[in-house]
Ligand SMILES: Nc1nc2c(ncn2[C@@H]2O[C@H](COP(=O)(O)OP(=O)(O)OP(=O)(O)O)[C@@H](O)[C@H]2O)c(=O)[nH]1
Ligand SMILES: [Mg+2]
């Protein structure tokens, strides 16, 4: 990926919209734009003036054909998204004007940007660090208001600051130790062994709290999963539709209506909850049923919470009881559905079989007790996750793994300091830890990892 190239890409989705933006970054952005842009009032454009927007036309320099009416913005390096010269062209939002403008740029020497290449340049040119670059994706993909708020914290560099301050403390410790190793006979004003151990422990505690934060972050980033299971026809799809407030899944009085799993997301108290409707669990009549049941089971294994549904208007069956057994010990909520009909289910037996469980009576079609269901769900799911009221940070899996690695190195260092092992070893462990932390902010991140991170972005970001 050559940084010398001038890159171009659509920055808005291809389709019909108010405007569609093509953006170009790199040394040749202005010279390419000059060849295809005609200012509307015939006056000459002042290309040396930054953050200026001009009204005019994109014209094919070869056949003089006008492609679109546009607004063109000139942005001079280094105060731009990539720190390079940038031209942004606001076309009318249709796929053809956007594509034709893009093609003209390509013909004149720009290269189509790879996914995330604009942000990668912002990182490589030092405008943002890697953790901030990853936050850009979190902002784009935020599913709730709260998720957005904490993604923006990352973008502002709040997570990076924590890493830098941890690194600073570690560097201090390393320089102290190195001075002692190099000048063993000199009187160096350095902290005692106990003080160093204390310092190490302090750093470890901070690292631990960051790792913990990663778990909280997971629910804001990826959301949590709830799976609805139960016998055929108990009303699972009706509940999915009621929670979504739209007719997403087919509902019918014929048992076995849902064959495949259906996943949809709702906003549950600020975090995204993915609800999975599944095929009814019972005797499979054919291979399709079998596959549906297999999928329902695998969804159940991945779920953070199980909604186990029974039909209140019918007596309990063996299949219901089998499901009570299968889900024992899992994070589950028992739902008795169809309470608007006359009731035949044996509630006493359910209580005896599941004395510890919360049982909620609902009517999916009438919407009865759905608010209560949401409240209990969020309590159940969030009970082990302490939501920090101040500014929590999003920490992704990659970053969490790196933090774990750094923790291992620091634990080794602590061990070394305890057993009176030569201080050189301690320094090695600390340096390894520093190296790991550098992978979060990007100082020590390999090309392959960068490729993987930025390939998740869209083209034009
Ligand atoms: N009276 C009443 N009927 C309901 C309620 N919930 C669902 N039903 C009806 O029960 C039937 C089955 O509903 P579905 O939502 O398709 O049931 P399901 O569990 O998804 O069924 P499968 O996909 O076959 O496993 C439909 O006729 C619904 O209208 C309810 O709360 N009250
Ligand atoms: Mg269904």
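Placement of Cβ uses the backbone N, Cα and C atoms for every residue, glycine included.
Straight from TrEMBL, the features:
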BINDING   23, 88, 127, 461  (6S)-5-formyl-5,6,7,8-tetrahydrofolate binding site
BINDING   233-238, 252-258, 277-280  GTP binding site
BINDING   233, 252, 254, 257  K(+) binding site
BINDING   237, 258  Mg(2+) binding site
DOMAIN    223-382  domain 'TrmE-type G'
Which of these binding-site residues has the least crowded Cβ, counting other Cβ atoms within 10 Å: 23, 461? 461
Densest Cβ environment (other Cβ within 10 Å) across the binding-site residues 254, 279 belongs to 279
If we check Cα distances from residue 127 ((6S)-5-formyl-5,6,7,8-tetrahydrofolate binding site), which of the binding-site residues 233, 254, 257 wins as closest? 257
Filter the candidate list 88, 127, 233, 254, 257, 461 of binding-site residues, keeping only entries whose CB is under 6 Å from an atom of ligand 1. 233, 257
Among the binding-site residues listed as 233, 236, 252, 254, 255, the Cα nearest the Cα of residue 88 ((6S)-5-formyl-5,6,7,8-tetrahydrofolate binding site) belongs to 236
Work out how many Å separate residue 23 ((6S)-5-formyl-5,6,7,8-tetrahydrofolate binding site) and residue 236 (GTP binding site) at their Cα atoms, rounded off. 47
Among 23, 88, 127, 461, recorded (6S)-5-formyl-5,6,7,8-tetrahydrofolate binders, what is the largest CA to CA distance in Å? 19
Output field, K(+) shell: CB within 8 Å of site CB centroid, site 233, 252, 254, 257 dropped: 232, 251, 253, 255, 256
Per DSSP, three-state class assigned to residue 237 (Mg(2+) binding site): helix
Identify, among the binding-site residues 233, 237, 252, 257, 258, the residue whose Cβ has the fewest other Cβ atoms within 10 Å in this structure. 252
For residue 88 ((6S)-5-formyl-5,6,7,8-tetrahydrofolate binding site), just count the other CB atoms lying within 10 A of its CB, please. 21
The sparsest Cβ environment within 10 Å, among the binding-site residues 127, 236, is found at 127
CB contacts for residue 255 (GTP binding site) [other CB atoms within 10 A, all chains]: 12
Looking at the binding-site residues 237, 255, 258, which have a C-beta within less than 6 Å of some atom in ligand 2? 237, 258
Reported as an integer number of Å, what is the Cα distance between residue 237 (Mg(2+) binding site) and residue 258 (GTP binding site)? 8
Between residue 255 (GTP binding site) and residue 461 ((6S)-5-formyl-5,6,7,8-tetrahydrofolate binding site), what C-alpha distance do you get in Å? 47
